[in-house]
Ligand code: DGL
């Protein structure tokens, strides 16, 4: 059991920010990653559709014989995680609760801004998760639908991205939030640009880093960690266009990806 892989899925390439952190946190663990590139983006889809995609993605990964499922996509975590936990008999870790917990731990003025896709904002999962820990915190949710395509089109440091970030952060600044939660897989890649647009004292919490810490905690708690080391491997599967995934993925991971297989739901 311990040598089985951790399964991670995302709507596409964005979840590699979570994979990167998990590999840092747990270098001895094997990982199977599934990017649902045929059906990306999830952020503009309806709740029912996202939930169905989550179940199909989980079944695909379970067939790869995994010991734990990580839902790297914020939108998928928002709509699918409860259903996945009810349906499948392995630990399921998402990105919402770890991110919310970390943001609550750092805010001092109790004003947290959450940047996410439209669907994640509409689900209100982040405010609910934050309020379940501390109901007195004010949460300002901001949908940033143009940031994902900007990042995927390599325009993260284009002046247009800076303008967009400025626009999206306007309300956040007006409300003087001291903590920004990056509630989307892609936004860690704009960390520096977002930081530049804010007062230096503002904390930035990213749900990819906090999720990887939770994955480690759960593995250790359940005694599921790989104790044999050295045999760790990472395999990538997508539902469409493996070459595009490889190219963009290498940029996200900052390391070469040798093989991406076209499999699963397409
Ligand atoms: N992975 C999605 C998320 O974290 C962003 C991309 C999409 O809309 O599918 O919400």
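Cβ atoms are placed via backbone N, Cα and C, with glycine included.
Here is what TrEMBL says about this protein:
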- 73: active site, proton donor/acceptor (ACT_SITE)
- 184: active site, proton donor/acceptor (ACT_SITE)
- 10, 11, 42, 43, 74, 75, 185, 186: substrate binding site (BINDING)
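Rounded to a whole number, the C-alpha distance linking residue 184 (active site, proton donor/acceptor) with residue 73 (active site, proton donor/acceptor) is 7 angstrom. Fewest other C-beta atoms within 10 angstroms, among the binding-site residues 74, 75, are seen around 75. It is 185 that, of the binding-site residues 11, 185, has its Cβ surrounded by the most other Cβ atoms within 10 Å.
Apart from 10, 11, 42, 43, 74, 75, 185, 186, the residues listed for substrate, the same chain places the Cβ atoms of 12, 14, 15, 40, 41, 72, 73, 76, 117, 120, 148, 184 within 8 Å of the centroid of those Cβ atoms. Residue environment of residue 42 (substrate binding site) contains 26 other Cβ atoms, counted within 10 Å of its Cβ in all protein chains.
A count of other CB atoms within 10 A of each Cβ picks out 73 as the most crowded of the active-site residues 73, 184. Here the CA atom of residue 73 (active site, proton donor/acceptor) lies 5 Å from the CA atom of residue 10 (substrate binding site). Taking only the Cα positions, the spacing between residue 185 (substrate binding site) and residue 73 (active site, proton donor/acceptor) is 6 angstrom. Here residue 186 (substrate binding site) comes close to 14, 17, 147, 148, 151, 152: these same-chain residues lie at least six apart in sequence, with C-beta atoms under 8 angstroms from its C-beta. Here the binding-site residues are 10, 43, and the one with the most other Cβ atoms within 10 Å of its Cβ is 10. Across the residues annotated as binding substrate (10, 11, 42, 43, 74, 75, 185, 186), the two Cα atoms farthest apart lie 13 Å from each other. A Cα-Cα distance of 9 Å separates residue 73 (active site, proton donor/acceptor) from residue 42 (substrate binding site). According to DSSP, residue 74 (substrate binding site) sits within a helical segment.
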